[in-house]
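Residues or ranges marked as Zn(2+) binding site by Swiss-Prot: 6, 9, 52, 53.
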């Protein structure tokens, strides 16, 4: 579960999460052998300019899927 707002500045970031995730997956599928995935332009296109908000999206890990079997 992505946080609704950036922990540092309070900007709403959850509204771009699904689009960000979809674009990253699409870009991964189109990578050539040896290429490195660069997501900076995806974040720029989505309007995520502050480095604190970019950090929130780049470092997020979906733990719900990992922890779900232990309910």
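Glycine residues also receive a Cβ, built from the backbone N, Cα and C atoms like all the rest.
The Cβ of residue 52 (Zn(2+) binding site) lies under 8 Å from the Cβ of 6, 7, 8, 9, each of these being in the same chain and 6 or more residues away along the sequence. Every protein chain shown contributes to the tally, and the Cβ of residue 9 (Zn(2+) binding site) ends up with 12 other Cβ atoms within 10 Å.
Within the set of binding-site residues (6, 53), the lowest number of other Cβ atoms found within 10 Å of a Cβ is recorded at 6.
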